[in-house]
Amino acid sequence: MRKILVTNALPYANGDLHLGHMLGYIQSDIWVRFQKLQGNQCIFVCGSDTHGTPIMLKAKSLGITPEELVTKYSNRHLQDFTDFEINFDNYHSTHNSLNKEIVEDIYNKLNNKNLISKKAIAQAYDPEAKMFLPDRFVKGTCPKCKAEDQYGDSCEVCGATYDPTELINPRSVISGQSPIQKNSEHFFFDLPALEKNIKDWIESNTLLQPEVANKLAEWFEQGLQSWDISRDAPYFGFAIPGTNEQKFFYVWLDAPMGYIASFKDYCNKNNINFGDFWGDSSSESELYHFIGKDIIYFHALFWPAILSSTGYKTPTSVFANGFLTVNGKKMSKSRGTFIQARTYLDNLEPSYLRYYFASRLTSRIDDIDLNLEEFVTKSNSDIVGKVVNIASRCAGFIYKKFDATLSGEIFDPELESEFSKNHDAITQAFEKREFAHAVRLIMALADKANQFIDYHKPWQLAKEEGQEQKVHQVCSQGINMFKVLIAYLKPIIPSIVAEAERFLNIQFISWADAPKFLINHKIDKFKPLATRIEKEKVDKILEDTKKMFENEQAPQSKKEEPKLDIAAECTFDDFMKVDLRIAKITEASHVEGADKLLKLILDLGGVTKQVFAGIKSAYKPEDLIGKHTIMVANLAPRKMKFGMSEGMVLAAGDGKGIYILEPHEGAQPGMRVK
């Protein structure tokens, strides 16, 4: 039995949850439920992130205390999680004496190791609001990629981190005024001193997502900087000891420690030894943090550094998920697609969204699109039309004609074996968080079950004299195939499975038993387990969302919707001049002095070409060797200061990532792409 501790990013307690939040929590909940069915001791903790200037200012605007604000939203968050069937073992808060004790203890340990220093720095100060501005209360143009409307600590376009004072054309989010600079003494964590600790953690982490590893390599190349862990009063949070409550711990220092506090609280309530799960690195337990891709910096750099230097186990891995779009676009209040969790729950059952997200989720950090038309179609087709329909087609015959008892024989052992043989592949897919693959395997089995029923037509057999035994066996096999499918789906749609368990008179408590057929087993009367989604329900969600936000103040400047910038039209003859070929990457290496380039040696089926490709931020050289890609083979050679580039590899990009093109299996080096 494995000992596994899972955390999910703490939601910020100054607003309601939306479906973008739910994507990450549903992902982790599915994985945790699967681990528990495997018989592992898996503990799932979370809590509310409750500190910082945004909470302080929002509470002030509402005429309530910050404590009242965070209590209100913490309760609402927990209710949303509960109704979405996110089954935390403990839900805590960062604003309590236990977390304060942990934060101060870790700070003192860091300070005793000379990892904390003080220095005066220029801070953004709002002269109108008469206060220092936290990072997220300054916006401007990114100093690295020049993207506009970026926060004062990091760019959401290029991922760069910086100080608010480095922003181009900065403005205060509070007053809209240009901030001035004032000096203030701040406390810094010496991150560069722990670079080896972080790199050792990365090297030992076999489960780290490639995208995370690549981003970390990029940050190391840029050089680590000491981290400002303090904020000036006024601030809602924990005061730094010895500062007379004039300096406070930055929210991103105490927020991850909320994971420790939540788990300690759980241990205290359940008489569990904290050290068995989160002791030093020698512990045999596993620790996983599920997070959004926008907070990788804090969880994969600062957090392992802090833990490794204060006697705590470092994460076994950090799993990041992408963002959510709706109908191919960023969630929008005006279009009604900025859907809050409660708005969805007021109109639809959580199982449908849990299933849809599972059908799209992989182990990669891909953004997920909630296509509402596809959402309706997939829910109706897969859950209702394929899975639940199997039971509804067979249960009546068993209940009425055979005393609600399944047959003592298996009608089609070969088909039964196929359901059983897929168990290992489905297990591996769940373990590796390849939920979309697991769903595809399960639905392929559902198709086979429905084909079996369609072929034997028990409704016709029931009308034929002497076919009673066959009707019994066919329908029993149908119910058993339904039983296997529903067991495989338990981590994804637990409430529907709970209803199915009542109908089947069993409880799935062991993943190993999922593929086993029931023999001479008595079932209950079948009742509908899921109903079809009507388009009107989805339309109402959009309308409810529009109404919710229609009274909000319109933004100061409206951004244009992104448009597909198609290049000038070319003729077919022009296009045919471009010679695209399959190429195998035989060598890949860094280019000394180049920030973005990798040197590739490409085999075109006997012909070798050298290419310099601007893909360094997305790929490690060793990960590219042996891959096939597509290159422009007849591009005129170009002399660069690093050498001669004899072509170009094809890649796609959206400003956030780079993705080289890979042909399907079977394509060989030198083949022409037409």
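Any Cβ shown, glycine's included, is placed from N, Cα and C.
Within 10 Å of the C-beta atom of CYS155 (Zn(2+) binding site) sit 19 other C-beta atoms, taking all shown protein chains into account. In the three-state DSSP reading, CYS155 (Zn(2+) binding site) counts as coil. Positions annotated as Zn(2+) binding site by Swiss-Prot: CYS142, CYS145, CYS155, CYS158.
If you look up Swiss-Prot, you'll see LYS333 marked as ATP binding site, on the strength of sequence analysis. The number of other CB atoms found within 10 A of the CB of LYS333 (ATP binding site), across every protein chain shown, is 15.
Feature annotation from Swiss-Prot assigns domain 'tRNA-binding' to 574-674; the stated evidence is sequence analysis.
In the predicted model, the motif ''HIGH' region' (11-21) has a mean pLDDT of 97. What Swiss-Prot records for 11-21 is motif ''HIGH' region'.
What Swiss-Prot records for 330-334 is motif ''KMSKS' region'. Under 8 Å from some Cβ of the motif ''KMSKS' region' (330-334) lie the Cβ atoms of residues 18-20, 324, 545-546, 549, 552, all in the same chain and six or more residues away from its ends.
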Extra residues within 8 Å (Cβ to Cβ centroid of CYS142, CYS145, CYS155, CYS158), Zn(2+): PRO143, LYS144, LYS146, ALA147, GLN150, GLU156, VAL157, GLY159, ALA160
Least buried by Cβ count (within 10 Å) of the binding-site residues CYS142, CYS145: CYS145
Three-state composition of the domain 'tRNA-binding' (574-674), taking helix and strand from DSSP: 7 helix, 44 strand, 50 coil
Distance [Cα-Cα, Å, rounded] between CYS155 (Zn(2+) binding site) and LYS333 (ATP binding site): 23
Cα-to-Cα gap, LYS333 (ATP binding site) vs CYS142 (Zn(2+) binding site), nearest whole Å: 25
CB contacts for CYS158 (Zn(2+) binding site) [other CB atoms within 10 A, all chains]: 15
